[in-house]
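What TrEMBL records for 9-34, 99-122, 134-165, 171-197, 209-227, 273-292, 304-325, 345-371 is transmembrane segment.
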Amino acid sequence: MKALLKVNLLYIFLLFIIWRLLTLISSQISVFFISQKDEFTGKLFSFNNLLPNLWTFANFDGEHYLWISQYGYRQFENVFFPGYPFLTRFVALFLKDHLLSAILISNLCLLVLLFFLYKLFLLDFKKEAVYKGLILFLAFPSSFFLGFVYSESLFLLLVTLSFYFARRNKLFLASFFGGLSSLTRLVGIFTIFSTYLIWKEVNKKKKTLFLLSIIVSSFGVILFFNWKFSGDPFSFLNSQSLVSTNRTTTEIILLPQVIFRYLKIFVTADFSYNYTIALQEFFLTLVFLLVIVKNFKKMRKEYLFYSLFVVILPTLTGTLSSMPRYLLAAFPLYFYGATSIKSRFLFAIIVIMFMLIQLINTAFFVSGYWVS
């Protein structure tokens, strides 16, 4: 058993190393092929002389996370939940470098995440199918964010731990990690529904409301924080439209309306870099919706409800902007999607295409271009 565990750990570690090397190479050679932009970058935090280009991993949202970690919140930055920057601040007490601390957190969380994803989905799938899911997850066009100064890997680790411990009949740990996830990203609050469904299945006798209240209480901390910060407990929602001009928080835009908007863009707009980004947002969102439809009856209820929240919720703001990154959080769909691809040749083609797009996205992101 121990020998088998070592083999599995080694395989997961090799997957991580190969992925990390490919994205690093792409980020380093981008300067030779792509003109560099200086707006919305992490250059302000380029204090590390040994790794002078490390700040490119903190472009766009990463710059906000590092500012919060080092100096505290500024106006409208309450859209960024405190879990990731506060953990970065804590680690920086020892490393004396907020940028390096954030990158270390992201990559360590990703490595642990891969292991627990393996353990979680091994409860439902054969080993080969689980490995396929992990490969598809790492190859996804926006997966480079998992190793950059973004909260994705930390959030996904916390949610995965919540699901895993719920499946293992350990509700306190499931609620604890679910609560921490709601301190990291908004969709973390929805783990309460999935955790309840799992716990109801594995242990019907015990009362669960008290322990599940941990998740709600953690989200209550976010509401209290926003109230103290701005006088409005839901200011993190209201600030979304100010941080991202494409979003609306005053009304709900249904998904068919959003799809129509994008189809109109594709017909009327000139081809450009932003056009290709819109294509990615539209195509990948549709792919995930198709995976949900195809596996609607096969998926465990907790995975189905959670994935629906993750995929549908951002679209209600009237745009698919950042959807490729948000779709990383819908981790069950990578495993159900992988099992839906029966042909090994087709699976290999999809993985290669996804990975090539990811490397291109990485190169543009570190060069200062908006990707997701």
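Backbone N, Cα and C define each Cβ position, glycine as well.
With a cut-off of 8 Å between Cβ atoms, the residues of this chain six or more beyond the transmembrane segment (304-325) that come close are 140-142, 145, 150, 152, 159, 186-187, 190-191, 193-194, 197, 240-241, 244, 246-249, 252-255, 257-258, 261-262, 278, 280-282, 284-285, 288-289, 292, 296, 332-333, 371-372. Within its own chain, the transmembrane segment (171-197) has Cβ neighbours under 8 Å at 81-84, 151, 154-155, 158-159, 161-165, 203, 206, 208, 211-219, 221-222, 236, 301-303, 305-306, 309-310, 313, 329, counting only residues six or more beyond its boundaries. Listed by sequence, the residues of this chain that lie at least six past the ends of the transmembrane segment (99-122) yet keep a Cβ under 8 A from its Cβ atoms are 8-9, 12-13, 15-16, 20, 42, 45-48, 51, 54-55, 57-58, 62, 65-66, 69, 84, 87-88, 91-92, 129-131, 133-134, 137-138, 146-150, 152-154, 156-157, 160-161, 163-164, 167, 331-332, 335. Cβ atoms under 8 Å from those of the transmembrane segment (9-34) belong to residues 53, 56-57, 107, 110-111, 114-115, 118, 131, 134-135, 138-139, 143-144, 147, 355, 358-360, 362-364, 366-367, 369 of the same chain, restricted to positions at least 6 beyond its ends.
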